[in-house]
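Asks: Structure in structure tokens, see below.
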Number of protein chains: 2
Amino acid sequence: MQALKQKIQAEGIVLSEQVLKVDAFLNHQIDPVLMQQIGHEFAQRFAGQGISKIVTIEASGIAPAVMAGLELGVPVIFARKYQSLTLKDDLLTSKVFSFTKQTESTIAISAKHLTAADHVLVIDDFLANGHAANALIEVIQQAGASIAGIGVVIEKSFQSGRAQLDAQGFRVESLARISSLADGQVSFLE
Amino acid sequence: MQALKQKIQAEGIVLSEQVLKVDAFLNHQIDPVLMQQIGHEFAQRFAGQGISKIVTIEASGIAPAVMAGLELGVPVIFARKYQSLTLKDDLLTSKVFSFTKQTESTIAISAKHLTAADHVLVIDDFLANGHAANALIEVIQQAGASIAGIGVVIEKSFQSGRAQLDAQGFRVESLARISSLADGQVSFLE
């Protein structure tokens, strides 16, 4: 997706060979027009697949997921990473290890909002080592729901997440695929 | 806002006289069409005010804020409640006490994305005791930015937040104002 790649080149900051900071338009400040374009792109790529629900994870997945949900005409669920007073019954949970934070946390989705009848599109901001995506897949499968695919805004293709998801047979659609962050430069696959 | 009030009556769950659960369309599962209507309503109420930026707080404020930002044509910043690897320099911070969680946390905004030139619309999902709104106001004022007003999706008018913000002279626009959650019933102010 050309507009996204241009935005990454213009406003992304390479913090290390592993970490790209996109706080200017996705992870802290959000560009709503770009989010709408991203939602449109996801909706086009997964059109006609019978998707009934989108599942993402707080906080940075919410904006692209809601824009995709608007266009596909389906509700969005964001998995909670943190305890909530009002979210405590009938929870589907999974452990997720955050590479960037070096901590393990538990993500939770209410079983009330996800059933075996659902066909789910997973959306997340980043795909790196696949920990968040795999945790989301696990809770969705606990609900008995099926998975239409995984939509990723920015994939770090040099890390293992994409290969793992491919190996499990999931359809992955990444809007920007980064082959390297070496020498402070963002290089894209293609 | 009629569509929102109807949604609250149909899908909100009164957990106590203080707590309304709206996990079905705002705080966990999100209704993208309703979020678009909410964004439209905020944009109309604050049109022509010279707003340059929207500030909200993760996670439930993001969806309504991004929809309002799309319509007003301005970027959205979500304050971080939790530590982030890529958000650590030049931070504006404020303490916020969560009534529902009974814990104090620190919210943070990057000074890079908010300046004295900004005229800010604050958006949040709930206004109860005003702790989150006041913390957001504090970080915005630390940046030297001015505040156009506060847009709230659901106001619990029987708690003190609204009166505090009124007393400080802020313009508050709440799309649903709840006068009482007594007897398991949601009653609205008119």
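Numbering starts at 1 and runs along the chain as it is shown here.
Note: Cβ is positioned from N, Cα and C throughout, glycine not excepted.
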Asks: Based on TrEMBL, name the residue from B:Asn27, B:Asn134 that is recorded for the same xanthine site as B:Leu20, B:Lys156.
Replies: B:Asn27
Asks: Going by DSSP, give the three-state secondary structure for B:Asn27 (xanthine binding site).
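Replies: For B:Asn27 (xanthine binding site) - judged by DSSP and reduced to three states - the answer is coil.
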Asks: At the Cα level, what's the spacing in Å between B:His131 (5-phospho-alpha-D-ribose 1-diphosphate binding site) and B:Lys156 (xanthine binding site), rounded?
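Replies: B:Lys156 (xanthine binding site) has its Cα 13 Å from the Cα of B:His131 (5-phospho-alpha-D-ribose 1-diphosphate binding site).
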Asks: When C-beta separations to chain A are restricted to under 8 angstroms, which of the binding-site residues B:Asn27, B:Ala128, B:Asn129, B:His131, B:Ala132, B:Lys156 qualify?
Replies: B:Asn27
Asks: Return the residues near B:Ala132 (5-phospho-alpha-D-ribose 1-diphosphate binding site) by Cβ distance under 8 Å, restricted to its own chain and a separation of at least 6 in sequence.
Replies: B:Ile57, B:Val96, B:Ser98, B:Ile107, B:Asp124, B:Phe126
Asks: Near B:Asn129 (5-phospho-alpha-D-ribose 1-diphosphate binding site) in space, meaning Cα within 10 angstroms, which of the binding-site residues do we find among B:Leu20, B:Asn27, B:Lys156?
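Replies: Correct set: B:Lys156.
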